[in-house]
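Asker: Mind having a look at this structure? Questions to follow.
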Amino acid sequence: MKSKKQTKLLLILDGWGYSETIQNNAIALANTPVWDKLNQTFLHSLIHTSGKDVGLPGKQMGNSEVGHLNLGAGRIVKQDFTRIYNELQNGDFFRNPILKNSLEYANDNNKAVHIMGLLSDGGVHSHEEQIHAMLEMTHKQGCKNVYLHLFTDGRDCAQKSAEKYIQKFEEKMAILGTGEIVSIIGRYFSMDRDNRWSRIRCAYELIAKGKAKFLAQSALHAVELAYARGETDEFIQSTSIKIPISIKKGDVLIFMNYRADRARQITRAFTDENLQGFSRGTFVPTQFICLTEYKKDFNLPVAYPSSKLNNVLGKYLSNLGMTQLRIAETEKYAHVTFFLNGGVEQAFNGEDRILIPSPDVATYDLQPEMSAFELTDALIESIESQKYDLIICNFANTDMVGHSGKLNATIKAVETIDSCLGIIHKAMFAISGEILITADHGNAEQMINPKTHEVHTAHTNNPVPLIFVSERKADISEPEKGALSDIAPTLLAMMDIEKPNEMTGNSLLTFK
């Protein structure tokens, strides 16, 4: 008979930030008796999740990919955004061999160059400066037919901000005398990650075939028409500009998003000959270029390949023969697996995974509970089994509902999490387990932009809570100075395991 484990649990409350402002703060306005009691009873602090603390430039807000990479790595991980940003500054971007070769191929074979990506300064999935730079590169290389397929944001920036990004881009095109915006579509369709292939199909048919729901005379006109229909940027329906343009066999298609999770499905639509999600009709092969590595087994040219992270938390525990569980609903499953494991897709030895399907609704404000209760049921069963040394669980609600910008729905999401926390605490107390509660970034604590007074749907730069739920006596080593890179060393300290040399983060707990 296997011995029962003294399970440690890391709870990641996605998008649960901290702000002293009460107004428009869904977390402060919610009824959270369990959360309040945990804060009153147990050791707690705040940690940092944005900018240089997580390997991003300056004051760039954090996000789930960046957060989970840092959580699992136990060190500050220099992000793709930062790598590319630095190369834009020193000019190396324009010498990137993969990008240069693709443009040379287009010139030599009289092929068009298509550039697609999310046009905003949100910095979570892409950045407008990088798309501007790609356009400049086509100009420097003398490319003739350069077509832009732009995704509008409205989620990692203001809901109706597309016009300013498009105006800047059109000014860049005018200066260079290169490029033509031929299609516009909201990220809701082009960047799905939850196998809602009907959305991806809308984007694919627009970009590949020029088949659109609407026709506009310019990109700005497309946005104007969308607003008149009551759509915000995230939800702009497929629109062709002037004359529909289709992709021809052998054309170059460069995808300028750098974050993997929302890039995978649309990439598969263009590159997977055996695509199961929807019928494309005749498959048209392209010279598809990924800005970063979206998935190893895609076997596609990558401008900025991933660098390997050694001795991340999951691998380190696996090498020690320990057992671990990763559990989340669909929307955050990749984060507690792929990203937390440093970009490794396959589970490590001794690592189990449980995926709880996210509800099939258009937007999560329609069901703010999401699948939190089903997730909690599965988590409780795993806790009671006492077969795991470490369980890592992500609750998606405060981030996914927070992105809707709907305050009342987000309050409901917070209260759902609070109910689940009560059940989880009881189960962990029964087995004498310990819980570390934190978040990957803020979101739900700021539902209105305090400067513009517009609905705020993006992440924040606010710190996030840290609570150590245990009967054990401990102190916070450096109150309010910690970062996400300190979480893995903290978990190892809770398990009485020395951290590996690669982990430069430090335990936030000192045990008495």
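From the backbone N, Cα and C atoms, a Cβ is placed for every residue, glycine too.
Annotated Mn(2+) 2 binding site per Swiss-Prot: D14, S64, D440, H441, in sequence order. The active site, phosphoserine intermediate annotation in Swiss-Prot covers S64 and is backed by sequence analysis. Residues or ranges marked as substrate binding site in Swiss-Prot (evidence: sequence analysis): H125, R155, D156, R187, R193, R259, A260, D261, R262, K332. Annotation comment: Swiss-Prot describes D399, H403, H459 as Mn(2+) 1 binding site.
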Asker: Quick one: of S64, D156, R193, which binding-site residues lie within 10 angstroms of H403 (Mn(2+) 1 binding site), measuring between C-alpha atoms? Sequence order, please.
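Answerer: Near H403 (Mn(2+) 1 binding site), where near means Cα within 10 Å, the binding-site residues are D156.
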Asker: For H459 (Mn(2+) 1 binding site), which of the listed binding-site residues (H125, D156, R193, A260, R262, H441) have their CA atom within 10 A of its CA?
Answerer: D156, H441
Asker: When you put H441 (Mn(2+) 2 binding site) at the centre and draw a 10 Å sphere around its Cα, which of the binding-site residues D156, R262, D399 have their Cα inside it?
Answerer: D399
Asker: Around S64 (Mn(2+) 2 binding site), how many other C-beta atoms are within 10 angstroms of its C-beta?
Answerer: 28
Asker: What three-state class does DSSP give S64 (Mn(2+) 2 binding site)?
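Answerer: The three-state answer is helix.
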Asker: Specify all same-chain residues, apart from the site residues D14, S64, D440, H441, whose Cβ lies within 8 angstroms of the center of the Cβ atoms of the Mn(2+) 2 site, ordered by sequence.
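Answerer: Sorted by sequence, the hits are I12, G15, T49, G62, N63, G67, H68, K332, H335, D399, A439, N443, H459.
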Asker: Pick out which of the binding-site residues R262, H459 has the most other Cβ atoms within 10 Å of its own Cβ.
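Answerer: The largest 10 Å Cβ neighbour count belongs to H459.
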Asker: Among residues H125, R155, D156, R187, R193, R259, A260, D261, R262, K332 annotated as binding substrate, what is the maximum Cα-Cα distance? Answer in Å.
Answerer: 18
Asker: Would you kindly give the Cα-Cα distance separating S64 (Mn(2+) 2 binding site) and R193 (substrate binding site), rounded to the nearest Å?
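Answerer: Their Cα atoms are separated by 14 Å.
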Asker: Name, in the order they occur in the sequence, the residues of the same chain whose CB lies under 8 A from the CB of D156 (substrate binding site) and which sit 6 or more residues away.
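Answerer: Set apart from D156 (substrate binding site) by at least 6 residues yet with Cβ under 8 Å, we have M61, N63, S120, G122, G123, V124, H125, T457, A458, H459.
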Asker: Of the binding-site residues A260, R262, D399, which sits closest to D14 (Mn(2+) 2 binding site) by Cα distance?
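Answerer: Closest recorded candidate to D14 (Mn(2+) 2 binding site) by Cα: D399.
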Asker: Using R262 (substrate binding site) as the reference point, find which of the binding-site residues S64, D399, D440 has the shortest Cα-to-Cα distance to it.
Answerer: S64
Asker: If I take the Cα of A260 (substrate binding site) as reference, which of the binding-site residues S64, D399, D440 has the closest Cα?
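Answerer: Minimum Cα distance from A260 (substrate binding site) across S64, D399, D440 lands on S64.
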Asker: Report the same-chain neighbours of D440 (Mn(2+) 2 binding site): residues 6+ apart in sequence with Cβ closer than 8 Å to its Cβ, ordered by sequence.
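Answerer: Same-chain residues close to D440 (Mn(2+) 2 binding site) (Cβ under 8 Å, separated by 6 or more) are I12, D14, G15, T49, G62, N63, S64, V66, G67, H68, L71, H335, V464, L484.
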